[in-house]
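K.L.:
Dumping the structure here so I can ask a few things about it.
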Ligand SMILES: CC(=O)SCCNC(=O)CCNC(=O)[C@H](O)C(C)(C)COP(=O)(O)OP(=O)(O)OC[C@H]1O[C@@H](n2cnc3c(N)ncnc32)[C@H](O)[C@@H]1OP(=O)(O)O
Ligand SMILES: CC(C)C(=O)C(=O)O
Ligand SMILES: [Mg+2]
């Protein structure tokens, strides 16, 4: 074990997905997982395989595609959860099962209704059973932040003897202060010695998640559980970009400690996760927020112009923020400049088909906008690669909405090479669009959330719409994305995207069931 290496365990696809409104479909999770691999994370917690057939499908398909990061699934200390986790991760060249049970008095008494002895028995059996599937087992003492140290030591002794090699100490409810968390980690990492690696998983309920993660690292933790943009249950988890950049920027405080993250991929990863979830980091969010490297006031601008380090402790390019792009894209730009920009933005896995289709959309956009910005291009490419499921394709949309009339939408879509059209009235224009699409596809969706943001400033900015739609009781919500300078067009595309995503998941799951039968 390299004593200076901090293992980065990313849980964007599991705890991050527990952020209300952040669920992702399988294709989107695969995109995020491949980007996390490119970012250099050591372990990707790809989901909770036993939670649903869709979650199992996502974890197992990620396991088939990711080669360089270990793929992990969470499971309760319950045989069936562990079995699902084991089966889902088995195809990954590197894999891990993460099992957990709560050890705090409040959780044991009220939630689990179990005695300390029962908890230890369940924990030991879970680890032993997990070891029948994989060699690498992580055990979490849920709510370690409010657990008693002597009991935690008993649990640790037992699960290490049963075969766990990583012991995670989650501050599940974000209760601890950095000094307290640091002291707990010090005592328990000294106790574990070289029998197991100590990990931390901090929540941000008091805004202390990253401070706690860093306090843990200086006190012996050698794995940090983090998420992109700090997504996660309630107030979120410790953000990967914050912890990693603190360790890199403050070498004087962290000595030889290091992570294997390629920090130049941080911004691209943050943008991908924000686009897919539809949840933008706040503007003043450290490292990845819109204002993280912006200087507004004269004295600061003067300082930065004279010497960048007067007001910047990190270089924006070190986290992949490209400032002062030299190539300005507009309607006279050709394929070469477009490809060059895409490469500069770090999209190296894009297919020729995706590039050509994005280029066509870029030309249409350039006709409408004076200057196409880096963020516009990033969105065009991301949109192209996210909208692979194309059972239905939007061909035309006509809307009318007079203040005293009936909001109406006429929609044309392509289905099996045939154009089908219909029109409907609604309570508003959007309602009319959704109702018409429902009638055309024969599938009725229930819109759970609708989010529209503008990609850049200006009246001619691209609108990015994210819809989250539920189609039946058996499956979760399906996310759709639409991009256009026209918000209503983006809305129709996003809603159809949700329909397409639902249909492709349904088809994949029924094939899997047929195969199993
Ligand atoms: C702190 C965390 O982030 S924990 C991870 C949270 N993630 C999730 O919950 C994933 C999504 N969850 C789900 O899909 C569902 O909750 C499932 C499939 C896991 C379980 O569903 P259900 O069987 O209907 O149980 P439900 O969610 O209502 O209750 C949880 C049960 O698990 C028990 N439980 C909770 N944690 C554990 C554990 N680590 N080990 C064993 N049992 C546990 C609870 O005590 C409760 O048991 P009870 O029904 O006997 O009272
Ligand atoms: C399951 C564990 C690791 C968790 O997410 C928590 O305790 O917050
Ligand atoms: Mg958590």
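Quick reminder: no glycine exception, Cβ is built from N, Cα and C everywhere.
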K.L.:
Among 68, 219, 229, 237, which is the one TrEMBL gives for the Mn(2+) site where 15, 201, 203 also bind?
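P.N.:
The record-listed residue among the candidates is 237.
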K.L.:
Provide the three-state secondary structure of residue 201 (Mn(2+) binding site) computed with DSSP.
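P.N.:
It is in a strand.
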K.L.:
Taking the center of the Cβ atoms of 15, 201, 203, 237 at the recorded Mn(2+) site, which other residues in this chain have a Cβ no more than 8 Å from that point?
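P.N.:
These residues sit around the Mn(2+) site: 11, 170, 172, 202, 204, 209, 225, 226, 227, 232, 233, 236, 238.
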K.L.:
Per DSSP, how many helix, strand and coil residues does the region 'Regulatory domain' (393-517) have?
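P.N.:
Its residues divide into 43 helix, 48 strand, 34 coil.
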K.L.:
So among the binding-site residues 201, 203, who's got the most Cβ atoms within 10 Å?
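P.N.:
Counting Cβ neighbours within 10 Å, the top one is 201.
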K.L.:
Can you give me the same-chain residues 6 or more apart in sequence from residue 15 (Mn(2+) binding site) with a CB-CB distance under 8 Å?
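P.N.:
Non-local contacts for residue 15 (Mn(2+) binding site): 45, 201, 225, 227, 231, 232, 233, 237.
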K.L.:
In the predicted model, what is the mean pLDDT computed over the domain 'Pyruvate carboxyltransferase' (6-267)?
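P.N.:
Across the residues of the domain 'Pyruvate carboxyltransferase' (6-267) the model's pLDDT averages 97 on the 0 to 100 scale.
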